[in-house]
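Notes for the one structure printed next.
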């Protein structure tokens, strides 16, 4: 058994008696933790976040309600809900939005919310499905390639929708494929990066999402007369990405290693080293973090059920799901409130993006100094406290400005948390189940996104109170998670359990896990 295990782990490129290293050690000692190869690969892969931002937020502009006017003069048209039948016309034409084309106003207005809810429902399902495929046979690169191609196809078909019901079905399918783009791109972009730089680079991914929303606002401003043209223009970049960019992207060496394709993993690492101006000695081979246990079976599955079977990860997953749900509900809810600032729609969306970016910068700067856990606690509670304060302030006179300021601090804090949770969640789980676990948290995040608009319609003060409670509760739940700063990125479930059991030098061993 020992001989067979060694052969499978080492691969044909094993140099007998050579140095056996984990991928983290190979990157740190030989290939380089973050050089030209990782920078170029990171930029290529993370560009997919910009694409998902467009597919997700395009509904803000495509489903907007344009202004109406009465050609016959004030007071000469009938009920506005009757539309053209009562003499009303849309200022930018009936093709300017889905609302104008299909008359989704008054009693039909619920259909706009239904489409948005179904998009996030599709995202929730797709995150779980493609998260599992990314961890199993399809791989990180293959899964990202598939979902980007599907996004382009479904987006282009949406532009051809003959009626509302076909439009709704295609938005559901677009959500199914779009919901896992950021997830797959994040894992693929960060796994080849060494532990010293992984957190900081991972925190930079959200800038691409916010940048995508800002770019979408600019595109939408130029396509105000046709929502169909808007869908076509925002879908084409995904097709270009799938056909032109993805061939230059490399599969994750960690995925190769846990799939027992050690030669492929070494090939990627040698390519990294060569591009970074370094080299890996011929005697170096790779090992998994469970290799030293000869009684451990060679193959380890990548099902989410394995996460629940392990006491080390079961509590982590449950907590991560609840925290992601609360964070997403507040993040998307406060973002919708920014749109209600009575400003130009396009300017409001850009202003929302600019409000998020200082939060991203805060977490990037403090990530390696403060740690994941204290930063997540502080940012969520900061958001919760200011949202609660906003809920206690009456929206009259100058107090309206004070309440708006409190809401902006709430957005700042929750944007920081939203960014941080992506890195934190990835580090809580081993490579074999990382994308599947992150798929579950992504599903919870989509459920929070579905809830957010339902809370916003409750009035002026109630939403702030609800979001404040969510933020504070989420911050308290983070107390139950372990810190992951400066800890290795484990490859297997057994390796994580073994690492968590290892005594800490000079201190008492504390689990830090919430066990269920």
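From the backbone N, Cα and C atoms, a Cβ is placed for every residue, glycine too.
Keep in mind that TrEMBL annotations are predicted by a computer and have not been checked by a curator.
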The annotated transmembrane segment range in TrEMBL, which must be one of 228-250, 251-273
228-250
Which stretch does TrEMBL mark as transmembrane segment, out of 85-107, 200-222?
200-222
Which range of 166-188, 281-303 is transmembrane segment in TrEMBL? It is 166-188
Can you see whether the transmembrane segment (462-481) and the transmembrane segment (39-62) are touching - at least 3 CB pairs under 8 angstroms, only pairs 6 or more apart in sequence?
no
Two-stretch contact, the transmembrane segment (317-339) and the transmembrane segment (142-160), at least three Cβ pairs under 8 Å
no
Could you check whether the transmembrane segment (436-456) packs against the transmembrane segment (374-396) - three or more CB pairs closer than 8 Å, residues at least 6 apart in sequence?
no
For the transmembrane segment (228-250) and the transmembrane segment (374-396), does the number of C-beta pairs under 8 Å, pairs 6 or more apart in sequence, reach 3 or more?
no
Across 112-130, 142-160, 200-222, 374-396, 402-424, the most C-beta pairs under 8 Å with the transmembrane segment (166-188) come from 112-130
Could you give the residue numbers and ranges of same-chain residues that sit at least 6 residues beyond the transmembrane segment (142-160) on either side and whose C-beta is under 8 angstroms from one of its C-beta atoms?
45, 48, 51-52, 55, 126, 130, 133-134, 167, 170-171, 173-174, 176-178, 180-181, 184-185, 188, 228-229, 231-232, 234-236, 238-239, 241-242, 246, 249, 251, 435
